[in-house]
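One structure is given here, and the rest of the page talks about it.
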Amino acid sequence: MLSLLKLLLVAAFLNALSWIILIPIWQYPDEQAHFAQVQDLAELGKVPTGVPDTSYEIALSEKILGTERDNLGNNKYTYHPEYKPDYSTGFYGPFEKEISLLPKSARREFVKNEATLNPPLYYLLASIFYRIFYDADLFTRVFAVRIMSAFIFLGTIFVAFGIGKLIFEQNKILPPTLAALVAFKPMLVFASTGILPDPLTNLLFTIIIYLCSLVIVNGVNYKYVLLLIGMVIAGLYTRQQFLLSTPIIFLILAYDRLRAKRNVKLLIIPIVFLIVFIIISNYQSNVYFFNSLHIPELLLFELGKFLKPDFFEYLIAAMKKSYAETWPWYWGVYRWLSFTPPHFAYEIINRLVLISLIGLLFKIFQTIRSRKFDQHFIILLFMIISTLIYFSAFIIWDYFFMKHKGYSFGFQGRYFFPLIIAHLAILLYGIVTVVKLIGEKYLGLVLTLLVTAMILFNNLSLFHVAASYYDTSNVDSFIIQASQYKPNLIKGQSMIVAILSSLIAQGLFLFYLFKHVFAYKKD
């Protein structure tokens, strides 16, 4: 299985590289704003406050490439999936040299406010890659940071494999299947290969899910508690929403203490530590060490508001919006929220989810009736409850955000990717249950078809998105247009080599997965 995991990681990296190559600069979510924070840290050691924080270099590239925002926050791509920038007839865009030849002083000439002000951990790591390629042009520095994000994503896939071994201990094919679903879920790949803190947030949250699963299997100890505290602190310095991991952690620690009926200190210590940490961060937000963790909505929390009619009105509206908007975006939305996969993809996904739901309900009913609560079922139940906690907490936070700001922050599908491993494990568990009811002899075939379908969905999504940017009517036109506003290293035929290498690696992984499935059947 380790050789299969290594092959999966290679295939996943080459696939991530294909996305990085084909997605034009500033086409990941708010990529230019995130890169501005990276650039500020690399150039100045901090993000300027009270003055412009985005460089002339970034501003000029936005104007040329059509991503400059208007007064409403929209650009030429917003609500215009048909828009394409002007291309030249060569490998260099019409104004590419104008951007590439800017002096280094343009990186410190600040002309507007657009840089993000997120917690610094991801940006500090990204600034290292920025500095390594400091003498290169803008495109090379951007792509260097994108590749760093891809390496972080590989960590998430690796941990997903470990979680698969815990929840599917009795089947050697299911762990690589789960890891492959994570590796090739297209919207997750998209959210994990741009310049944004999502890949690090997802990795740290996945590690927390893994540690909590280990607590279920082995019981809690000081090592797990210290690692969990470390992950929470690292997560809070990556995204403020990482605070949502704390009720999930306390849930599993409380379960373990109730099960063991001893050593309650292991539960009390992290609770006290976290409460003190949150209080300090919210009341001492002017202190640099804590200001990134300041969450003003926490200070507005009132239990009585949950009984007011406007909360129930908000709840109904939020649930409708989640189904109509967040759910489709969870599976794919590109080009500044203006472009989604073909409709038939959602029809297939919805049917698979329905099949999985039937399997889950049957498994839960069967387990309750037999009262055989093994560790695998407890991990599954933990993932289901964690998903409900995360979603509920996000809903409640957004309600208080709306009361504070006057408008809803809104839910993008990628906001729920920190628990992606739980979602896909639940989906896989339900499908496996249904297949076993029909006939366990079909399980290996279904798993390989499921992985194949996810890889095809990934490739279809990538081609679909690429075709919205470039002329795909013939190979020559595609290569010429896709090469523009990119680093010299990936212009021309080298781009095709990278994409073909990705497809070959995917084919090899599927071949060896089939091979392991049939070898497992014989055993």
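Any Cβ shown, glycine's included, is placed from N, Cα and C.
Going by TrEMBL, these are the annotated features:
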TRANSMEM  7-26  transmembrane segment
TRANSMEM  147-167  transmembrane segment
TRANSMEM  173-196  transmembrane segment
TRANSMEM  203-220  transmembrane segment
TRANSMEM  226-254  transmembrane segment
TRANSMEM  266-283  transmembrane segment
TRANSMEM  344-365  transmembrane segment
TRANSMEM  377-400  transmembrane segment
TRANSMEM  415-435  transmembrane segment
TRANSMEM  442-467  transmembrane segment
TRANSMEM  495-514  transmembrane segment
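The highest tally of CB pairs under 8 A with the transmembrane segment (495-514), across 147-167, 173-196, 226-254, 377-400, is held by 173-196. Between the transmembrane segment (344-365) and the transmembrane segment (415-435) there are 3 or more Cβ pairs closer than 8 Å, counting only residues 6 or more apart in sequence, so the two stretches are in contact. A Cβ distance under 8 Å defines the sequence-distant neighbours of the transmembrane segment (377-400), meaning residues of its chain 6+ beyond its ends; these are 166-167, 209, 212-213, 216-217, 241, 244, 247-248, 251-252, 255, 297, 300-301, 305, 311, 314-315, 318, 360, 363-364, 367, 408-411, 415-416, 418-419, 422-423, 425-426, 429.
When each of the listed stretches 226-254, 415-435, 442-467 is scored by C-beta pairs under 8 angstroms to the transmembrane segment (7-26), 442-467 comes out highest. At the 8 Å Cβ threshold, with sequence separation of at least 6, the transmembrane segment (203-220) lacks contact with the transmembrane segment (442-467), having fewer than 3 such pairs. The stretches the transmembrane segment (173-196) and the transmembrane segment (147-167) meet in space: the count of Cβ pairs below 8 angstroms, excluding pairs fewer than 6 apart in sequence, reaches at least three. When each of the listed stretches 226-254, 415-435, 442-467 is scored by C-beta pairs under 8 angstroms to the transmembrane segment (147-167), 415-435 comes out highest.
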